[in-house]
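Feature list (source: Swiss-Prot):
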- 1-45: signal peptide (SIGNAL)
- D48, I49, D307, D311: Ca(2+) binding site (BINDING)
- H130, D142, D205: Zn(2+) 1 binding site (BINDING)
- C290-C295: disulfide bond (DISULFID)
Amino acid sequence: MRPNRFSLRRSPTAVAAVALAAVLAAGAPAAQAAGAAAPTAAAAAAPDIPLANVKAHLTQLSTIAANNGGNRAHGRPGYKASVDYVKAKLDAAGYTTTLQQFTSGGATGYNLIADWPGGDPNKVLMAGAHLDSVSSGAGINDNGSGSAAVLETALAVSRAGYQPDKHLRFAWWGAEELGLIGSKYYVNNLPSADRSKLAGYLNFDMIGSPNPGYFVYDDDPVIEKTFKDYFAGLNVPTEIETEGDGRSDHAPFKNVGVPVGGLFTGAGYTKSAAQAQKWGGTAGQAFDRCYHSSCDSLSNINDTALDRNSDAAAHAIWTLSSGTGEPPTGEGVFSNTTDVAIPDAGAAVTSSVAVTGRTGNAPAALQVGVDIKHTYRGDLVVDLLAPDGTAYRLKNSSSGDSADNVIATYTVNASSEVANGSWKLRVQDIARQDTGYIDSWKLTF
């Protein structure tokens, strides 16, 4: 997040260095009013975003900074190396990527734009984060955290073969720390007709603060509710974000009437006693004592906050893009949406899906989508049972995993199994005190 508005700012001279046609024609969105109606299409459940994957991206960004003068700031080699890393991941995942160049302070900057094929080009949902750091450090929380979460969510879209109703576009902004230069350049150079196609922009800036709060932007009621509902499902209270008002990359979008929202875990403001009581952490201490400092390193991340916010980002993107989650013609989805209660420390329960109309055996990459609501997911053992009773372990219990819910997609090599028949999801709670239920699950052939 850039410093507050009273800090010294340079006046940018943004100059295009690449043709904008590829960026502007890559499917910009149809503007909805800030109070747009909630999506009516049945949204597919978002997958769990693996914390280990997000942290692996942070490790790469840390290494890039270490190899390039200790930072990833605008105009420095570390920033371009960061862009190259993210772009390579997206290119390999099937995205159409575009580098948008601009000039600020006599140095070349870059925005990275990534479009996922498909979706309505007149309704574009964007999600983004600034990729640059300040010059004093690696910027792992500010804003490696947001950049890594958005990247891993984009990769999850690819892994799931997700087909949203809206067109999805992801962005990593340059020179945010100099005054939102990259995002302003993008918005200012987007024709009004293309701006009108933007259904919304989601911003993720500093989402792993070491003494975290859980703050939600209140700029658009639909987006705000989407995030609040997600955290309510985790029994995590939220507050409206005020510290970063106008200080991150959602501001240029908001200024031209695009619905915006986002998440934040706090920067230099001090955590109050009331906030420490509901969120944990240390009262009287900044949410991020290393904000804009050299100590904003890998050790400056709260894993729980990063994990929750990464999953919340995916949830919002899946929900607001209103996708059905159904695969291309020729594939098949078989699901069960009937709730099944899971007894506390009791016998295993099952939920059945009848697969019909298939020929031959199941695929070697059978996708098993699971949505289990539970207050301590480490208690759960989850198996897929083939029609002949063969069990495929999807998830083991883990006493140290205290997070809520199992929302994930697993891949099973079921090529030895006949496709048609009754498949079952089996779930057992092996420890006491926590409860839950199977919300829904599906097989994708």
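Placement of Cβ uses the backbone N, Cα and C atoms for every residue, glycine included.
Here the candidates are the binding-site residues I49, D142, D311. The one whose C-alpha lies nearest to that of C290 (disulfide bond) is D142. If you compare Cα positions, I49 (Ca(2+) binding site) sits closest to D205 out of the recorded positions H130, D142, D205, C295. According to DSSP, H130 (Zn(2+) 1 binding site) sits within a strand segment.
Comparing the binding-site residues D48, D311 on other C-beta atoms within 10 angstroms of each C-beta gives the minimum for D48. Checking each of the recorded positions H130, D142, D205, C295 against D48 (Ca(2+) binding site) by C-alpha distance, the shortest gap belongs to D205. According to DSSP, D142 (Zn(2+) 1 binding site) is assigned to a helical segment. Taking CA atoms as the reference points, C295 (disulfide bond) and D307 (Ca(2+) binding site) are 21 Å apart. Non-local neighbourhood of D142 (Zn(2+) 1 binding site): M1, S133, V134, D205, M206, A267, D288, Y291, H292, D296, each in the same chain, at least six residues away, with C-beta under 8 Å from its C-beta. Most other Cβ atoms within 10 A: among the recorded positions I49, C290, C295, that distinction falls to I49. A distance of 19 Å separates the Cα atom of H130 (Zn(2+) 1 binding site) from that of D307 (Ca(2+) binding site).
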